[in-house]
Structures are given as structure tokens and as C-alpha cells.
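**Student:** Could you have a look at this structure, given as C-alpha cells, before my questions?
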Amino acid sequence: MSAIVDVIAREILDSRGNPTVEADVLLESGVLGRAAVPSGASVGTREAVELRDEDAQRYFGKGVLKAVENVNTEISEAIMGLDAMDQAFIDRTLIDLDGSGNKSRLGANAILSVSLAVAKAAAEECGLPLYRYVGGAGSMSMPVPMMNVINGGAHANNNIDMQEFVIIPLGAQSFREALRCGAEVFHTLKGLLDKRGMHTAVGDEGGFAPDLPNNEAALQLIVEAIENAGYLPGPDVAIGLDCAASEFYRDGKYHLESDGLALDSTQFADYLATWIDKYPIISIEDGMSEHDWDGWKLLTSRLGKSVQLVGDDIFVTNASILKEGVSQGIANSILIKLNQIGTLTEALYAIESAKRAGYTAVVSHRSGETEDTTIADIAVASNALQIKTGSLSRSDRLAKYNQLLRIEEDLGDTASYPGRGAFYQLK
């Protein structure tokens, strides 16, 4: 009854108005699984490749009809009749069918849409929520949210170099409390910006995108907002950064245009260390460029015992690259973006590989999202303990938070919220 009898893909639009792929997988029992894939703005060079049409006459070349066609023909034919309960076998079938090594032939967007839709169909067939189907009985830990309240870099049209400034509710006793805390700080921050005549328009991920005197001004505003909302910076609400340093790394220097600085790796590590001494920063993502492995080693040696150092562009959710990073003492955490690797099985393997190495894993959205809430379930299923899925505005972001509220309600008294325990790699 769990045999796949039909696979249908279509072109839909993401939160930036760009095309993306949505797939339906129908089982013999009549059960349907549906999944839509996201798309990133700052993209690691070793990510799995999403397939775009490159037809300038349509969506400025960003159409995905080729990927849709690949699902409706080759992929559909390859998995028709297979058992949806065998996720690993189906994902391996998709990887082998593509044959390219980086999913560039069929498209990671095509492959991932089917991989996730299969899992959702199988969960429905079993009468289980997705988090329980994927994770089993041991999935009871809610993730600590990393909420993007100020956007910059490639995610906003402003003068801030750093891509994300996030708030992290550590002192809450439940996910519901953490979400309320984040919302209160978010609205307090909006009031501060408005009072000072700054823009309160939001960026791709729902955070505010004001022009500021320099990068540090964002940290000052966030600390003030935390305090004005009635919380303690640090114990109640910590701060995280996504530098997205690859975006401003050129010719061996980190170019911080809002500060008028061009820093080498040592100087940029010093720059970040100064912030850590002044502000309650517990996490830094992509603190060095993906092309600056020596800089990453320096940063990890300098800060890795006191701050979570998350590798996004450098690891691209790839367990093999993570293994290389672990062996060289690079970072202490990995960001998990499903479309960076292209199948559910590979993403879950990357999470497990990180845990075995003593690294944390942060399940993440992309800047171009849809209403699909799969990553909320995956964060709980994998006991990843952390999730990064945007700010407290834009329904494409809130959809994930609301799904986590439902999951916590479903878990009842068995649900746990780890707070600072989510950062178990820190001394």
C-alpha cells in the first residue's frame, strides 16, 4: 500500500517571487505527500546545484521548468513502484540517477522536492506526524530558535556588511516562551528604530533592514531592545551573527564597507573577538570565508571554546567536507540546509556526523522560502537542538515557528527546551 504510483512536480513561487519546485508523491493507498524547496541568496561554491532554465525571456532566466520536467519524467519513472517507507533506498536511487556528484544534471531542487515529498507521504501512510516518522520515539527536544532581527549583506538593500544579527532566547522554559520572548524583543526593536527615524522595512528573512552608522550599531540596538523588553542580555537572550564573510572577502581581505575597513584574517578575528568581549554573543556563523581555511583555523583556535562557530558556506551540509573540517580543527558547528545537499538522507547523515564529532547542528531555512514547514519537523526529528528560520514577520518564516508550536503541543509534557544546553560544545 505504500508503493509510489505517481509523482507530479510544478513550478511555484518562493518568498522573493522567484520560481521554485514543488512535488507531489502519491501512494497506492491514495495518500499524498507534498514538498516545496527553498533557494539561497549567498550560496556556497560547493553546494548541490539547483537547476534553472536560463531563459532570459521567462522570469529573467530563473524559471525551473527543466527541473519540473526532470521530476515528471526521469525521476518519476525511476521511483515508480518503490516503497515510500524506504527513504534511504529512494534517495540513493535519486543520487545514482543524477550521476553528477553535485546533482547538477537533474537539479538539486528537483531531487530534494521528491525526497521530502516521499518522506511526507510515508509519514501520512503511517498516520504519524513527520517529526515522529523521521525521528522515532526519541524526538522530544524542541530547538532553540535563532531569530534574525536585523538583516544586512545579501539579504537586504542597506549598508550593513554582516548578513544577519539574530536573537537567541536561552532563558525560556519552553519553545512557546522562547517564541514570545523573541516577538517581544522584535517589536521593541521596531519601536526603537521608529523612534529614531530609521527604516522599519524588512529584508528577505523578515528582520529589519535599516541603514546604520556601522556594523556594531546593530549590536547596540539589539542589546537596548532586549533590555527595554524586560530581559537580560546574555542569560535571557543571547546574540548570534551570520557574517557571511565570503560575501565581502576579496583579494585576501575582509572588506567592511560600512566601517571603512579592509582586514586580513588575523585582524578580522580580532575585530570579532572585540565584539564578543563587549556583547553577549554566543554564536558566529561563517566568521571567515569558505576560501580562507587558514582564517577558519585561526578563528576556531581563538574563539572556539567560548563561542559557537557555525560553518555554512564552508561545509554546505556535506558530511565529507565536515569530516575534513573536523580533522583540521575548523569550526565547532554545522549549518544544515536541506537544499545544499539535496536529499533528506544526506542531511540527516550530516547532522549525525556533526554530533559524533562533538559539533552542534543548526537546521536552517534559506532566504528564498515557501510556506513549506518541513524543516521544523526535521529540527525536532533529528534532535538538532537549534533552528534558524528567520524573524518574527513574513508568513514564510512564521509558518515554521507555528509548526513548532504545534509539535510542542503534540509532545505535551514530554517536550523539552534545552536553552543554553543546545550549545553543548562550549566549555
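Glycine residues also receive a Cβ, built from the backbone N, Cα and C atoms like all the rest.
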**Student:** Looking at the (2R)-2-phosphoglycerate binding annotation from Swiss-Prot, with Q163, K337, R366, S367 already listed, which candidate in K323, K355, K388 is the matching residue?
**Tutor:** K388
**Student:** Record says D242, E285 bind Mg(2+). Source is Swiss-Prot. Which of D259, D264, D312 does it list for that same site?
**Tutor:** D312
**Student:** Between S367 ((2R)-2-phosphoglycerate binding site) and D312 (Mg(2+) binding site), find the distance joining the two CA atoms and give it rounded to the nearest Å.
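**Tutor:** S367 ((2R)-2-phosphoglycerate binding site) to D312 (Mg(2+) binding site), Cα-Cα distance: 13 Å.
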**Student:** I need the most crowded of these binding-site residues: Q163, S367. Count other C-beta atoms within 10 angstroms of each C-beta and give me the top one.
**Tutor:** Q163
**Student:** Taking only same-chain residues 6+ apart in sequence, whose CB is under 8 Å from that of E285 (Mg(2+) binding site), what do you get?
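**Tutor:** Sequence-distant Cβ neighbours: E164, G240, L241, D242, C243, A244, L309, V310, G311, D312, L335, V362.
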